[in-house]
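Positions annotated as domain 'Myosin motor' by Swiss-Prot: 35-727. What Swiss-Prot lists as ATP binding site is 128, 129, 130, 131, 132, 133, 134, 135. Feature annotation from Swiss-Prot assigns phosphoserine to 361; the stated evidence is similarity to another entry. Marked as domain 'IQ 1' by Swiss-Prot: 731-751. What Swiss-Prot records for 752-777 is domain 'IQ 2'. Swiss-Prot lists 785-974 with the feature domain 'TH1'. Here Swiss-Prot flags 966-1064, 1089-1128, 1183-1230, 1251-1275 as region 'Disordered'. The compositional bias 'Polar residues' annotation in Swiss-Prot covers 977-992. Sequence annotations record features per position, and here Swiss-Prot assigns compositional bias 'Low complexity' to 1095-1106. The feature compositional bias 'Pro residues' is assigned by Swiss-Prot to 1107-1121. According to Swiss-Prot, the domain 'SH3' annotation covers 1127-1187. Residues or ranges marked as compositional bias 'Basic and acidic residues' in Swiss-Prot: 1254-1263. For 1264-1275, the entry in Swiss-Prot reads compositional bias 'Acidic residues'.
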């Protein structure tokens, strides 16, 4: 991850600069774990089964929404998932579709955004079978648009607020009058509606609305299938009407009326009719229906219910007669007509004959029971149908507002009945399925057309996809020429036999053979016919179709209603012109098929003028139970909805596409050149930013195409990888913040602990050093000391294995052997173990000293696993004495008062023997310490053994060890027995640069390498290496400011650091930042100058100037001989090997020659001859020696030849540097390959030194402010 330079950290929060509409990235708190794929175009395998499987996975995870591009797939959950709350609504407000999970709110937000941004009217087409959730989806879209368009924070007029409330109130009102409980759905829409919301073009707030009604199912008023219900309003009214209505309209419970009880379903689980009736009344009041209008509505509903209770008996002539005249009398009271006129209109039919233009005779023909029942039901259906139409028109009057005087920008919501297949299908089903065929046709056409237009507009190559065009089925139903369709055949049958319904049905059955001729989507059967719809094959019954197609009330009934004294009946519901249409013999009345055909075509024209959105709803089961998923049923819906073809069309070459700005908004975090700390920093245009992001993610060119305004991603796996990288970015940033915070807290704790320890040492002294001095006093003048024991940093810490910690190896040891006491001392060493018949052997052991006993623990491998066991347990009070030699060896004998075979004397070899003896003495003050040339102990109880110690300088003896053989220990000479530990040396800085451990979160990137620097005419000279804090600084030339590469103009630069009073600090910050940025920088060059010239810093590279005229110059004098150079510091030779294990020290091998720059007694500051390493070494290990003969180089190179008169010279400013470069180049060639390698090594070493020096300077300056935290995280 590249590090961008920035100034010193300020406590004042700095706002990120705004950039071209790209918002600062935010972590999505609401994002759920993805189950399946959220867009079906991202499926690896495209098939009906894979689509069904993906929908199943998401449904079981309560994720009911899935995309196909911009099409939303919704699976009805049959339960409240809590995903339509105010919190969810705000989550989708103003968000791009890619930023949030699939939801119906995302479709609504997209519609409203395009309306505002492009001024295009929008519509949403919601399709699916009955019970799939179309009405609920329409309600949620209305709820969302009403809320986002009327923002609470923006001042709105009372009229706009009223329009919003009325639009929302249409839902409960029309649901009560237009929805019913069916076998498949408890709230099935038995009509279609298209709601258009009109918006003000200036602020896009709703100012009006309009509802178009389609094909109410009138037949449901008079009859329902068993276990279904009539329209909701009848049950609401009969269960919850106020007492005044019960008294005035004679209303009783729903079980009283035939129309509400015949299907044997009065109550429905999950429906509260009383509560719904209260919402219906509230909706009426919101829309503006007056009390008189409401009374007339409920009076009409009561009359329909009582009409259904009119029953018939057969009289003496075999004609129908009223069974109970009180019922017809009460119906006449409700309709405010004469009771005899009502009975006559139901029981008789008036027939007029004509003779040409002359009026004929009039006949009153009595009806039988079947005919009278049909007349009764026709009256009830007619009243309800015209009442529903009037309610819709009355709502439109209230919603009209100011729409007529303004430019119309609308959002349309289509909620229409779904495809229906029943056991017996009649005229209602063919009309419903015809409308769904038209919607499927416009869906295919608009989807494919939009897809084709997009590829052409974006200049993207793609392959056309074959699909089923259902226009042939639509023509089968609606066509008039050249071959008439079903609707035309129905109308012709009515015209041929208008007086007899049975005869008209027979004529229609005969004409079916002509309708379906040569059409493979039609089959004619006796009394039935089959149409192969896109959703499946449906069998329709011929019987009754022609009668239902007439869609007109009998003239007798209309004439009876025109006599009503109620103006709502005779003028509003049944105006006089309605009767005039029936009496006009020159014009054929409009049939139901004519109306539905006209409405469907007008709907298609309206939708074609809008920018469409689509919601395809799916019903998961027939039992309406949550968490139940019928695979076969859903698979059938997936097939007939054409989801696979929709996916194939959408994925015609590319699985994902979006505009450049949205792509950048989503993924700019993935490139260090476009995103920094969550901010967008790219200065170029969006298309170049897209290319940079794809390049940083290493997406090959074959995986994407760039259009004119969109980027197209070919495979879903590419998008998945980028989304995964984006998710990891947030996790890595969170982890980085956590690390930085933990590091900050740890540093504070360490600093506090350091201050506390320093205060304790200052006040009470260092207890570990005091213990060390006490132990040294026990051996003072009696035993030679090892050099490592006399270090100033040596302290008696005791628990070297960490047994007192809660974890680690020491705790593991205690747990293995079952110890649970405080440990005073722990360490690893050896014991001398005697074997029968063989010489003694040194074996490794672990020593743990508690407050009461010394534990010797053995390590054994059992079945390749480490096992620890207590070998000896020696009570401290049982120790008689401890024996040590007078030499610098590590042997220690522990002799007991009464040794036993299980607890014998032991001979121990331990590096920290003096510390162990000290702790034993502290725990047992009466302990005797014997020091002599020999050590005596009992190998076995009663059998003493003596070990002799001799001093030897044989090279085979280790410097820091000894040799045991046959009871004799040979050891090298040690320090004087009177040696004292020096004062503890001052600790060196241990700051760490953490930035090198960071990698940008989630970005796929190869290992970064530093590119080679561009050649320069100046000779590169490394910056001086860092010096120790206590070392006197030598005088060096001031380094020249580095020259950077030309920056990328597209990347926005973070503001440079503020000017500092310390120039050296500023140079250090610049060098360190450039080093961490991995940019190409010119190494600072040593300026070779005359004694009368001043050094000048180079400026930015200027344009190339014309070459100067040739000037003849003499050759420069040869440089001084390198062999004559004197060393900067005295040279010393190492007499012994030193491992450099102490912090801040430097490792040495015997005979190494180093510089010594400082000596404080026991320790000396050493530096290697090439000045690449520096550290402390024991003064006792080194001795002064003359410098080596090859120090500083070998034979001086010969002077270069003088330049030719024709040779061009460089400008005067760089002339000396060029000469020096030439000199060094020739010298390097003369020295051969070894010299070149050595020069390369020195250059790398000095470069590292310059970076380290710069980092130290920057850290020192920052540490001067205690309030500031080190900036060691690169964002």
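Numbers run from 1 along the shown chain.
Cβ coordinates come from backbone N, Cα and C, glycine included.
Overlay of Swiss-Prot annotations on the structure.
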residue: 128; record: ATP binding site; contacts (Cβ under 8 Å, 6+ apart): 74, 134, 418, 419, 616, 617, 618, 619, 637, 641
residue: 129; record: ATP binding site; contacts (Cβ under 8 Å, 6+ apart): 184, 418, 419, 420, 535, 617, 619, 637
residue: 130; record: ATP binding site; contacts (Cβ under 8 Å, 6+ apart): 182, 184, 185, 188, 417, 418, 419, 420, 619
residue: 131; record: ATP binding site; contacts (Cβ under 8 Å, 6+ apart): 76, 182, 184, 185, 188, 418, 619, 624
residue: 132; record: ATP binding site; contacts (Cβ under 8 Å, 6+ apart): 74, 76, 418, 617, 618, 619, 637
residue: 133; record: ATP binding site; contacts (Cβ under 8 Å, 6+ apart): 74, 75, 76, 617, 619
residue: 135; record: ATP binding site; contacts (Cβ under 8 Å, 6+ apart): 175, 179, 187, 189, 415
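According to DSSP, the domain 'SH3' (1127-1187) comprises 3 helix, 28 strand, 30 coil.
Remote same-chain partners of the domain 'IQ 2' (752-777), defined as residues 6 or more beyond its termini with a Cβ less than 8 Å from a stretch Cβ, comprise 794-798, 914-915, 917-918, 921-922, 980-981, 984. Within 8 Å of the centroid of the Cβ atoms of 128, 129, 130, 131, 132, 133, 134, 135, where the record puts ATP, the same chain has further Cβ atoms from 76, 185, 188, 418, 617, 619. The Cβ of residue 361 (phosphoserine) has 9 other Cβ atoms within 10 Å, all protein chains considered. Packing around residue 134 (ATP binding site) is summarised by its Cβ count: 27 other Cβ atoms lie within 10 angstroms of its Cβ, all protein chains included. The average pLDDT computed over the domain 'Myosin motor' (35-727) stands at 87. Summarised by DSSP class, the composition of the domain 'IQ 1' (731-751) is 21 helix, 0 strand, 0 coil. Secondary structure at residue 135 (ATP binding site), as computed by DSSP, is helix.
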